[in-house]
Ligand SMILES: C[S@@+](CC[C@H](N)C(=O)[O-])C[C@H]1O[C@@H](n2cnc3c(N)ncnc32)[C@H](O)[C@@H]1O
């Protein structure tokens with residue numbers, strides 16, 4: 001990033017960072033930046049750098065600042081501290097540009113010397129301040145205490161390893177559209193363009209160095225899409241065959257809808273409650289040259305959209321805490337509240353109950369969440385099966401497990417295995433109506 005651009009980037013990122021600190025999602029605050037803004041990706045990068053170190057920045061600013069300044073000044077200091085502790089930009093550039101950003105703002109000009117003093121003090125005391133801050137679990141794991149305890153309950157001794165993984169930059173994983181090309185051909189095409197990629201799972205490729213999708217050969221032509229390898233398992237597990245009536249009940253942005261259509265020519269209804277998100281399904285399907293009935297509706301209210309003909313396959317990729325995809329959305333632990341888990345588990349249970357009568361006899365419903373919390377996965381499914389003697393769990397795991405809980409993971413692939421070694425956290429259960 002050029003240094004002059006950095007001052008502008010910091011200024012533009014201030015309101016986004018304030019929004020995230022107030023509990024808005026990264027996705028939501030980025031809506032405030034024009035899509036064609038030249039600085040969009042730079043702002044995004046500065047914002048992510050701050051969000052990935054949110055607890056550290058809170059601790060540093062409380063150690064360095066005795067009287068809280070105005071919100072925008074504090075945000076500017078925190079964003080600059082984020083860059084300084086990350087260490088990718090030259091420290092003098094960060095300090096100078098943060099001070100320039102303050103000087104160029106009518107509201108912050110008086111605080112320019114203050115910004116300068118705090119950032120320079122951080123430069124002098126960086127090592128001690130970071131060592132002291134890292135002693136706090138909330139800083140080490142960049143999550144609130146309650147979230148850390150929930151992870152400990154799920155992952156036990158593995159917790160630090162899972163958190164360490166969550167703090168890394170996520171891999172950029174592509175799904176190859178095998179209706180248009182093969183995984184080998186897509187990999188060779190990337191290699192030829194100087195973009196080496198490794199295989200993951202049955203349909204995936206991980207780019208060794210991520211880049212904007214528009215620069216990925218084959219993306220605009222619909223040969224590849226961006227989708228985590230754990231998420232790529234859904235279409236395969238759903239196993240929708242040619243001509244089947246299929247419902248994707250919570251479909252946006254359409255990754256799993258599209259994958260099912262790439263694997264078989266099915267009669268697909270893609271439901272989505274949020275109209276803005278629904279338009280992304282259509283965009284994705286258009287790019288891939290695929291067709292579905294994209295419907296904006298509440299899956300929980302079928303009388304508004306269902307024609308009464310049963311579906312042979314239903315995918316219920318239910319709204320969840322997203323606790324399995326924190327490395328892609330580092331704001332999640334901070335934007336959730338402890339009570340959200342039970343609330344979302346109730347919503348998931350209700351949606352599954354509503355979907356069940358829509359399923360044909362011998363039909364299958366794949367329940368999925370990108371969460372690692374048991375209330376949203378195994379517990380809800382076990383309770384559902386206890387209430388429904390006509391529901392049979394179909395084994396789906398690599399070792400024949402009925403309930404597939406995937407922890408976020410990264411590792412070398414086993415050659416020839418369809419099970420990816422690198423993926424986000426997911427839960428899957430496949431139920432057949434008997
Ligand atoms: C986990 S995301 C789905 C991701 C999608 N399956 C994919 O692979 O691209 C859940 C989606 O469900 C939508 N949603 C939430 N409640 C819904 C409801 N009652 N009816 C329909 N869609 C709903 C959300 O807006 C969100 O887009």
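Each residue, glycine too, has its Cβ placed from N, Cα and C.
Quick look at what TrEMBL annotates:
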type: DOMAIN; residues: 162-434; note: domain 'SAM-dependent MTase RsmB/NOP-type'
type: BINDING; residues: 250, 251, 252, 253, 254, 255, 256, 272, 298, 317; note: S-adenosyl-L-methionine binding site
type: ACT_SITE; residues: 370; note: active site, nucleophile
Spatial neighbours of the residue listed as 'active site, nucleophile', counting only the binding-site residues 250, 254, 256 and Cα distances within 10 Å: none
Assigned element (helix, strand, coil) containing residue 256 (S-adenosyl-L-methionine binding site), judged by DSSP: helix
Under 8 Å by Cβ from residue 256 (S-adenosyl-L-methionine binding site), same chain, sequence gap 6 or more: 231, 234, 235, 238, 248, 315, 317, 368
Only counting partners 6 or more residues apart, tell me which same-chain residues put their Cβ under 8 Å from the Cβ of residue 250 (S-adenosyl-L-methionine binding site). 271, 272, 273, 299, 316, 317, 318, 319, 351
Drop a 10 Å sphere on every Cβ of the recorded positions 252, 254, 298, 370 and tell me which sphere holds the fewest other Cβ atoms. 298
Helix, strand or coil at residue 370 (active site, nucleophile) [DSSP, three-state]: coil
Which secondary structure state does DSSP assign to residue 250 (S-adenosyl-L-methionine binding site), in the simple three-class scheme? coil
